[in-house]
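For reference, the structure discussed in these notes is given below.
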Amino acid sequence: MTTSTNGKYDRTPLIAGNWKMNMDHVQSITLLQKLAWTLSDARHDFKRVEVAVFPPFTDLRSVQTLVRGDDLEISYGAQDLSEFDSGAYTGDISGQFLARLGCAYVLVGHSERRTIHGESDETLNAKVKAAYRHSLTPVLCVGEGLAVRQAGNHVAHTLEQVRADLAGLPAEDAASLVIAYEPVWAIGTGEVAGPADAQEMCAAIRAEIASLYDDTVASGVRLLYGGSVKAGNAAAILKERDVDGVLVGGASLDVAEFANIVRFEHHLVTD
Ligand SMILES: O=C[C@H](O)COP(=O)(O)O
């Protein structure tokens, strides 16, 4: 929130890699070590541009051990959490466990959770609150499918998700929120919403947060774009005023590609 990068931002940009259901716990160590070495060789300033990875649950202990052991500045989080804290919820993972594993973040409401697992806005609202109960920062994912976009209802649809998923969330929690706008039609398809689309949606989300809370809260919330982000398109998207970072899927599994996304400022200079 306090770091300024090229004069445009007053929020620290966040470059987040969602590994989805890829990389076992052994592979996760190799990937993370390579990423750390690559960024360290490039003298990346992690305070200027934050880097976070979201490995599968089963990798988190290994990731924690590596991050602590090598004193890495890379943040990490889980891809989901239970809305409950403990009990008879077979297969679910409590935010309490994630906090013990050193997670800073947790994804909530990724479109693959909404569509494949049928998670409702009511459930996601409970998950956002569960994250805060355990001092985890939720990265709330919102966005429309292709039919909604084609009908021109993408703004209304996405803002409805924001309102429903944040209902009853206190302002002091909302101020540290991260929201990722991910048009479902652009996820893993190679289709990318243009920088202007990303800006339009992020600006609309920020205005909605201001109306739900106030301008101070809205100015603290970091807004990410996700959907087929690559090194070649990241800089143009991140140049937009209200885009504070990116949530990267496929390209986060390629160390060189992801490191170049992290170093987007380098590309801004030559644009
Ligand atoms: O969480 C990441 C998004 O689903 C984007 O995935 P993608 O970069 O593979 O399109």
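Cβ coordinates are placed from backbone N, Cα and C, and glycine is handled just like the others.
Of the listed candidates (Ser40, Ser176, Ser228), TrEMBL assigns Ser228 to the same substrate site as Asn18, Trp19, Lys20, Gly188, Gly249, Gly250. Among the binding-site residues Asn18, Trp19, Lys20, Gly188, Ser228, Gly249, the residues whose Cβ sits under 6 Å from any atom of ligand 1 are Asn18, Gly188, Ser228, Gly249. Glu182 (active site, proton acceptor) has its Cα within 10 Å of the Cα of these recorded positions: His110, taken from His110, Gly188, Gly249. If you take the C-beta of Lys20 (substrate binding site) and look for same-chain residues 6 or more apart in sequence within under 8 angstroms, you find Pro56, Gln79, Glu112, Gly249. Once Cβ contacts within 10 Å are tallied over all protein chains shown, the binding-site residues Asn18, Ser228 are led by Asn18. Cα separation, Trp19 (substrate binding site) to His110 (active site, electrophile), rounded: 12 Å.
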